[in-house]
Amino acid sequence: MFVKVSFISPEIGEGQKTSAAIIPVFAKTKPSAALAAYDKGAKKQISAAMDAAGVNGDKGKACTIFGPTGTKMNRIVIAGAGQRSDFDPETFAAKVTKQLLLSGVKTLVIHLDGFDITPVDAARAALGARLAAYRFDKYRTKLPASKKPTIKTVKIAIEHPAKARNAYNNFYGPVADGTLLARDLVMEPANVLYPKSYAARIRKMEEIGLKIEVLGEKKMQTLGMHALLGVGKGSARESQLVIMKWNGGKKGDKPVCLVGKGVTFDTGGISLKPGAGMWDMKGDMGGSAAVVGAMHAIAARKAKANVVGIVGLVENMPDGKAQNPGDIVKSMSGQTIDVQNTDAEGRLVLCDAIWYARERFKPKALVDLATLTGAILVSLGHEYAGVFSNSDEIAKQLDAAAETSGEKVWRLPLGQAFDKLLDSPHADMKNIGGRLAGSITAAQFLGRFVGDTPWAHIDIAGTAWKGKSTDPREPAWATGYGARLMNRFVADNYEG
């Protein structure tokens, strides 16, 4: 579902044909001119309703006036927003959009005028509204009208609409597009989104200026990517490696590389997963979706940076040709891997993709994202993604980007004691480290392929999808996590 957003000046008049207006009120703060004007037109109907409902600015208190006099609006909602200093326009706009999404309202005007809201924060409000309005109903042919979203347009009223429009068009609009693209990819079923069809979708991003390369299995065989290729041996669908290049920085500057795990369906292979809940494994490509979404945002806003996105796309299936537990494979790096568990496949995909990125592009920074371990949910739940890094600087950059983007991270340790758990008597390493510290040993495995490149691994197994979210910007299930985080990481640290 696509919701159009626009920015308007705060003047109010009878001729403004809108369906609903949302006006925040703050604790111990004078009401805005917009509220006063609506109340005057409605002959004090609004202030009377506020008094009756006890709406005084306290967060969570609200009242709705239906069919107010003096305006053509369907309704006016007065929403207590708490302290002005704590107000976040992005989450406020998301919350009211989500609450009214099925209400019959077609056009929503969110009044942010009168409170010194900056044009950038107004643009962030538009981002919040678009994220909250997201639905994935394309396969629902019998959806009742009462369950269909009605909001088509969200208008943000602000003193400087042209400046807000520029901030949105030049940054936050592309971020919204990239995040919603990431959600769509994770939502798609595996019979629709498999390695080749996924690669074909990515190719379409050439339209926004990205340079796309797709490596098939023959090329990957030539390069020695046997760790990645081993994961897809049991599938009838050919594995792919897709490279997305954005050259918006200075010629010759080393790029930032973003690498994503793209297991389009993960049965576990011969180390078969339990059947209950296996349908979730269509989302085991969430890391790749984050990279694709971020690259879309970066290219669409013409970022002044050189950025490369790489995604390894495979399907992990059981079959007579499938990889067996105990098989030993040689990675592109030349290091050998004792595959003790075929359900620890994401790290096998990533190790070759990371090595390829490192050797070909010599990046100044490399970040990989993956729905890598169930263990990360035990430690961080659905609230934070786990960060593991060999660079304190990158870890701090990611922490700051998380704070700004709203996609939270928490750093976890690496160390030689954990690394030793990967030693194998049969090969250079094994792909599992035992029952304990599962997320850490998975990161340690990847660290063996990074070398001296400044690197961070982000385990998003708990944040890529959620059964239910308390964040109004997120839908049930696919969140698009990582697209906003990576875009902000690049914008704040690597753009000239």
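Each Cβ is built from the backbone N, Cα and C atoms, and glycine gets one as well.
The Mn(2+) 2 site in TrEMBL is built from K261, D266, E345 plus one of D253, D280, D284, D327, namely D284. Long-range neighbours of K273 (active site) (same chain, six or more residues apart, CB within less than 8 Å of its CB): D266, T267, M281, D343. DSSP assigns D266 (Mn(2+) 2 binding site) to a strand. Within the domain 'Cytosol aminopeptidase' (341-348), the DSSP-based counts of helix, strand and coil residues read 3 helix, 0 strand, 5 coil.
Look at the recorded positions K261, R347 and count other Cβ atoms within 10 Å of each Cβ; R347 has the fewest. Taking only the Cα positions, the spacing between D284 (Mn(2+) 2 binding site) and R347 (active site) is 12 angstrom.
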